């Protein structure tokens, strides 16, 4: 870890070339959030983080899961999938294999929790919003792009509910965005692409609100354990990244 | 059937308005075939037939199914899926339900057979090309868009094999395209969109080669049986439509 | 295709020996429809087309699928299966494998659609008739034997409903029968047996009504595409075959 | 149990009418074993015990399950199924439900064990015989009819192996037959039909060899436990029944 | 069978050493029934038969299976499982494989039937008691230990119902216990451990009531068929064993 | 969050009673690690964290997953399950439902990653160690108890390999332990039990090495997002807890 930046302040000055993409350590890929991409859905957003493209849609259903019936509260849930050839080499189609992988289930549970953390379920009323995140092309960071884009789709769907007077107060209490960070060749960096993700020492996903709160923190050593100091730097980078993403979200729904 | 066109020649003169889209009875939707849409795949094509958008990719695998091993021949196979919110109302995700529907299996078998009909499997050599057709947005005619676009993806993948000298003679012996037709309000029409498809008396899918051959014919009465004369008119319309599609295919791979 | 019969009239004169069974090109196998074969079912028929034996039963259920509830209309649906050793070499039992193949699902959907095309679902009332087609022995043409025999089982079940006054008007509006045809050694022939089916250039299944209507047409090139002229001859043969089958159906329920 | 017969000798004198069928307490239904019923199988038998009809086929495979590979010994295994409408009311198709019931698995394990008990697996050599038992019509006692008929199918398949010199010594060391017994209205009776089976106090299945050995004994109280004396009488009846079945087997393969 | 004991009376005098454990032929392993082992369950018992340890729990549910609704009667059902490394070599986890084996289903059906045979389902009222039997460690005889221990768990659960006045009369009409016996090296012995079970000529499971009734008898020849005399001796041993187990049950719930 | 401790140093002085168990905020439940609990496994440990009891076993297999074959490296993997009545109310058996839940898969992936982080897979050689963690009784914190106990089972299994000279250098490079923390009634506390876990604002799981490294960090807001300061306190508590657990691990294998 000798090569780790001694301070977060000058992280942006790391010489270009240390990352395969030439990005600075605290630099996001080019992010584009394109709302309304899907013709039929109540809300949708194509989230592009560099070559990672995730289509997020929101579907409003006027019913809730059985365990919520009659309680007056709503629900937000998510499903996630990858097109078989979104990846560098083809991945088997989960529908053909007859089950979703553990990774898929982990990701869709994460997306649902992240969105519920900024949703007032009582204000939503007894209805469910289903988020579908489908990866059209993958180059690292699909789950964080999915969360970031889903918030936009969710916002659209809720805007429709508001327009029709179906909700009285705004169920969306904050923006939520997510980004991955990792330790690549000993250096904490922001927004891993596939080249970095497949060769890093640790990777982490942070789900943070525009208001400054932590919703989810997941950090994993890929090989050796990592230090607390390195972890602190990952968190600092993530904050910088999600602040930028939250601004893009605001612009997208503005 | 009194309102059926008395001759194919003046079919184009049917008054606008009889079809929800205002198209002439023998008029295709706007079709765009966009090759190379997917970054990672050996071949790909986004096929857009109006609001129906299907992403087709081709993956080359240097192995064949068990029953072909050691025979020197190759294989072309296909899988098909729909994004949950590609449809007007959300369709359950097949991966979550744990199995592919009968409709899905029927369609992917059809796509595979259609492509193999124009492929010289011996010339391909002992390798498999897997086609994935994923519907991003559905507005009727997804299976025929999938076949038409898959041919372009297959062509790209084979072009790569040829460039690397992996095949000696060209395994692609012809172009193949597909189109739906149907009897809508008593009138045979070309290229049903969803509004027509969900309200027609009969629908049919034709898979035809540029060289004039029939690969697959599937016609189904939705309500009452239909007459042989009406069926003949559907076949005539299909020929007109696939000739136009074959030209677009040629342009796309040109 | 030079050897194709120049006219339908003299098709019967094709020299014996060109078909493995010695049949004329437009000659059905010996067909026997044995109604009432199953002791417990409301309707049943053992359909024998040569060595192809399919047991068809009809079960009346006083409920409909969820999407039809309360609409006053009924439903006819079908399931299909093969005994593991109905075939030349043993086929794995689908119940043991834990799922039905794509082929099975395709066939049972076809049987259901074919029967519904001649059933007035409103006259049937809010009840469901389930058809089970189980192949006891297979020698080609199992799906067409299944459709033809199922009509007899359906007729029996409906006759019972009529006898008890459960339906007011007759829900069965016509007879429907099915037959396969194919291009065998370049010659269009009627009612393929296994020896022909496994070695033909194209095969087709036609579902036609006694009244002259087309319910389903499915034609598939096994190798090279086939010509429109050949397809027309297949349709002509099918009409001749289903007319004979419709007469046998009438005799069976007479 | 006061009404139980005091001696086995006069059991046959119980007044007609105490059984729904009017049979004597120690009287089998009419049993017919029809060998060679299936055209394609190496061995087959349609076993009819009154209105219970089970089609048994034997398939020879020149390979053994993985755990027997290279050991020079063979295997006999069985699968069992019921046609959906073999029963009084329709039973869901196991292939459609996607799994075999506990009852089905219990029965097919029993059939396999019963046949292996009279097979010299070393003499059979490293090959497997698969038995398929499919119930065409059910009226009680399907598993015992299946075992009894399967022995005939197995004998046929082994006879073929002997004819071709594939086995040196005879792998079939004895005959094995099975029958159900039960306590019906307090009286032990032989060969329960459905009317008795669905209303008995206890039922039992016995698998016995012609040579006098016990292969399987399964007795179950349906309501209250039963006495040891009653159980002894069930065993005596079973011996009488399987002796008659073993004679029919001999005649069938003679 | 020449070495079989000539009389049941002196069976206990068989020289030590003929069984791997040194036990007498009619000697149980050390059996301990530990009630209340599980903190959360309404009833529970850890049943230890030597090195075979089975945790049995009883859960009371205030609802019955659909087919019993509104009839005023209750139900007792059971599930069975083995921890993957309860066995000598690891057994695949059934939850990971996605289905329960035939053996598992057979056992859990047996446990349920055995307990229902001593339960007055009308006195239980319209509620269900679910028994879970999980094998923590296996050394032969897991299903009989499960039945014996489950009776204790069931008793506890019912005692709770009685304490709260939820049942008026006692639904438990008798004690039921189970034990395995087998023919080991030609000699009938009681309570097989794994070393004997994996090398015996026949094995049998007996489910008997304290009151002297037979609930279930299952005897299976592992290799050659066995004689009626040997079977009688197995039954005599089982009676001795279950009498001892019934005393331990009484002590456990005393 | 006003009630949050102003400094970590005096956290232990929080008045007893603020936690349902009366524990100090930084106090573990009584933890017992009992190695060698399972008779058959190569390594085992019963880990008890208060009323949470998890049986961990380690199985050595002399083969690796396909993707590692021939690379000379080993693998450590884990499976996790709960007995149906380990929980306060019964949980459906995953084997009966036919699939593992998303939660189960998430946990078993976490256990595997945690153990691999302290294992030198090259030193292990081309073999796999399978860890099974089965929850006998649950009262919160089952996944962290599982990780902590599994390390002891893994150590035992590796000790056996070392004793037999199967490994040359020690594949275990450090100890790893895990603990949950959470924000309960606004106060960060260590080692949540069920009463706290089901009513907390945030919960987190930390997997830390004895050597001071971070292996996994997972923190989730249950309702509102939490602050960075609160998160820092959770990490501090976790370090204290895992240091104590690591001492217990050392004693257990000492």
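Please read every residue number as a count from 1 along the shown chain.
Using N, Cα and C of the backbone, Cβ positions are placed for all residues, glycine too.
From a predicted model like this one, the values you see are computed outputs, not experimental measurements.
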Q.
For the phosphate site that TrEMBL describes with D:141, D:142, D:143, which of these is also annotated: D:93, D:97, D:103, D:175?
A. D:103
Q | D:103, D:141, D:142, D:143 excluded, remaining Cβ within 8 Å of their centroid (phosphate) | A | D:80, D:107, D:135, D:138, D:140, D:144, D:145, D:146, D:180
Q: Please compare the binding-site residues D:103, D:143 by how many other CB atoms fall within 10 Å of each one's CB, and tell me which has the fewest.
A: D:103
**Q.** Whole-number mean of pLDDT values that fall within the domain 'Exoribonuclease phosphorolytic' (D:27-157)
**A.** 96
Q.
Suppose we draw a 10 Å sphere around the Cβ of residue D:142 (phosphate binding site). How many other Cβ atoms does it contain, all chains included?
A. 26
Q.
Treating G and I as helix alongside H, and B as strand alongside E, what does DSSP give for the domain 'Exoribonuclease phosphorolytic' (D:27-157) in helix, strand and coil?
A. 45 helix, 41 strand, 45 coil
**Q.** D:103, D:141, D:142, D:143: the binding-site residues whose Cβ falls under 8 Å from a chain A Cβ
**A.** none
Q.
Around the C-beta of residue D:141 (phosphate binding site), how many further C-beta atoms are within 10 angstroms, looking at every protein chain?
A. 29
Q.
Can you break down the domain 'Exoribonuclease phosphorolytic' (D:174-241) into helix, strand and coil residue counts using DSSP?
A. 18 helix, 30 strand, 20 coil
Q | Cα-Cα distance, maximum over D:103, D:141, D:142, D:143, record's phosphate binders, Å | A | 13
